[in-house]
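> Here it is: the structure, laid out below.
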Amino acid sequence: MQRVLNKIISKDTINTMGKVAISKKVEKLRTFMKDQSLSAYIVPSEDAHQSEYICVKDKRREYISGFSGSAGCVVITLDNQLLWTDGRYWLQAEKELESNWKIMKDRVVGEPTIQDWLLSNLNKENKVGIDSRLISKGYYDSMKLVLKEKSIDIKFDEDGENLIDKVRESFKDEEEIPEYPKNSIFFLEDKFTGKQSNEKLKEIREEMKKQSADLMVVSALDEIAWLLNLRGSDISFNPVFLSYVVVEHEKVTLFVDESKLNDKTKSQLPSGIAISPYSSVFEYLRNSDKQGKKIWIDPRSSVALYNCVSISNLLEKINPILLSKAIKNETEIQGMKNAHIRDAVALIQFLAWMEEEIVEKSDETSHTEYSVCEKLEGFRRQQTDFVSLSFDTISSINANGAIIHYKPDETTSATIVKGMYLVDSGAQYLDGTTDVTRTLHYGKPTQHEIDCYTRVLRGHVGLSLLKFPNRVNGRDIDCVARTHLWSVGLDYAHGTGHGVGSFLNVHEGPQGISYRAIANPTNLQAGMTLTNEPGYYESGNFGIRIENVMIVAPVTTQFNNGKFIGFDNITLVPYERKLINLEMLTKDEINFINDYYKEIGEKILPLIEKTNNQKSINWLKNQIKPL
């Protein structure tokens, strides 16, 4: 299995932008658009499984625009080229896009959505092109509803031929066309999953019976991996594999490149499973439709899947896997806790090393934002059951910290100097996924920096302390983390928390904590894992973010109402002492931090002491002294 895991560790190595100029690619795309009488062409970020993180071959939006953020959608007309992205990426987009591109602020009140902009800027009966594999049924329906006002038609790519792929093919002599990965798939043992795949399938089939469904189509990659207790490495940082699954009452069909499955993995598959070629899922659904079978498809799935099924045979409904996966069982919860303990050991060793290198040896050493990432990864690799990072490490000094999802480049990243340093990182372990952010200061912080950090910390602590009814969803409590920033007119342009998978995707739904309307709003429930990550970003100066992973858990209250829940912090890394203004904290906030430091002392300090690294031991002891 180690050979498989090493493939997950490796990052995408193909330069998706290549040698061909962006303007030349856009020009070629417009030629193809004219051939098909298209007035606009939409290039989403997602792949055929609506994944946030995708393999190199599916990075079509980055290929045609040069924007490398994980979220965003491009619209190209015959005269305009626009990128919609959210507040995490506005500064990054300004840096990466050429000057003739327009950045549109996604999910901001008062700013036009893609469909609103198309309605205002296209003429009646114009045609908009998109690949039906890359747009979800839910989003397609909402777009179609808006555009029908002008009878604007959404036209799907002819014969499934994506126009960006055609552009790539046109320049194949000038730059390499990436291939889909063929990495091996492996079985994840019961000691990590806590539930066998056959048990999960039994529960799914019971739900299918309730809905009178003959088939259920599963297209989300993390849901497939969870359901079958399999993991892969087709997408960097995400232990998933390109596939579809169709669940029936007597069998399961896994649509996948069979070469990825060795004999041992095949022998570990659940009973009654058949293997079919990856792309044959569409024909399989068409044949099932002809037989009059009731087919359950999740509205988050692609239009291409829906187009295989007649309306009379369709059941359009969120599948039960989404929620089942989000609510961790006892084995997964313990695994997440164990993974975070080992991850804390790695991060604390790194932070102690940084303090020594940047502060104590500042005249002797020189480190960049990129080079220190490699040092941090090295500490994580030493931990038991480490598989890979869970996303590209965000390592940013001073002004770069204001770029919320800043990614340091090997050749252009800044030298680490004294000032505000933000590091957002995480790892994949066989027993859990981690995501943690700490903001440090190497030097003497200003009073303004201390004030801003303390306000972010108070929001972070306030959310950690919150007790609330189990009928509450994440949107209801998002403001708790913002209140101390709002009181002085400050805010941050991202959600406060996202779900985290168990050795799966670092971003997991449906749970989340955000002021925005959540696509699949669901009440927070015991067993869910979420991040708590308020921040503040001052363009040109610094960025602050503090992030822990928390598990939703039952809590006791004064009146012992068993229907209340709260959060259990499982990230165990100290905050930055020199950035905390004690006079701004309440007694409850100080008590929380001191209790947190006591827990770190009990669970992490003994493990740091076992490393025999006196610098790390001294650093941690100093950091967790009571406030």
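Keep in mind that glycine also has a Cβ here, set from the backbone N, Cα and C atoms.
Pulled the feature table from Swiss-Prot, pasting it below:
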| type | residues | note |
| --- | --- | --- |
| BINDING | R88, H405, H498, H507, E533 | peptide binding site |
| BINDING | D424, D435, E547 | Mn(2+) 1 binding site |
| BINDING | D435, H498, E533, E547 | Mn(2+) 2 binding site |
> What Cα-Cα separation, expressed in whole Å, is found between H405 (peptide binding site) and D424 (Mn(2+) 1 binding site)?
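The separation of the Cα atoms works out to 9 Å.
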> Give me the long-range Cβ neighbours of D424 (Mn(2+) 1 binding site): same chain, 6+ apart, Cβ under 8 Å, in sequence order.
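Result: T393, I394, D435, V436, T437, R545, E547.
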> Tell me, by DSSP, whether D435 (Mn(2+) 1 binding site) is helix, strand or coil?
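Looking at the DSSP assignment, D435 (Mn(2+) 1 binding site) belongs to neither helix nor strand, so coil.
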> With H, G and I counted as helix, E and B as strand and the rest as coil, say where DSSP puts R88 (peptide binding site).
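Coil, per DSSP.
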> Give the sequence-ordered list of residues that share a chain with H507 (peptide binding site), lie 6 or more positions from it, and have CB atoms under 8 Å from its CB.
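In sequence order, the residues whose Cβ lies under 8 Å from that of H507 (peptide binding site) (at least 6 apart) are E52, Y53, H498, G499, V500.
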> Which value in Å gives the longest Cα to Cα span across the peptide site residues R88, H405, H498, H507, E533 as recorded?
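Largest Cα to Cα distance for the peptide-binding set is 15 Å.
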> For the recorded peptide site formed by R88, H405, H498, H507, E533, name the remaining residues of the chain with Cβ within 8 Å of the site's Cβ center, in chain order.
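Residues close to the peptide site, other than R88, H405, H498, H507, E533: I404, H494, G495, T531.
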> Starting from the Cβ centroid of D435, H498, E533, E547, the recorded Mn(2+) 2 site, name every other residue in that chain with its Cβ within 8 Å, sequence order please.
D424, V436, T437, G497, V500, T531, N532, N548, V549
> I want to verify one value. Collapsing DSSP to three states, which class is E547 (Mn(2+) 1 binding site)?
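Once the DSSP labels are grouped into three classes, E547 (Mn(2+) 1 binding site) ends up as strand.
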> Can you name every residue in this chain, apart from D424, D435, E547, with its Cβ inside 8 Å of the center of the Cβ atoms of the recorded Mn(2+) 1 site?
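These residues sit around the Mn(2+) 1 site: I394, S425, G426, V436, T437, T531, E533, R545.
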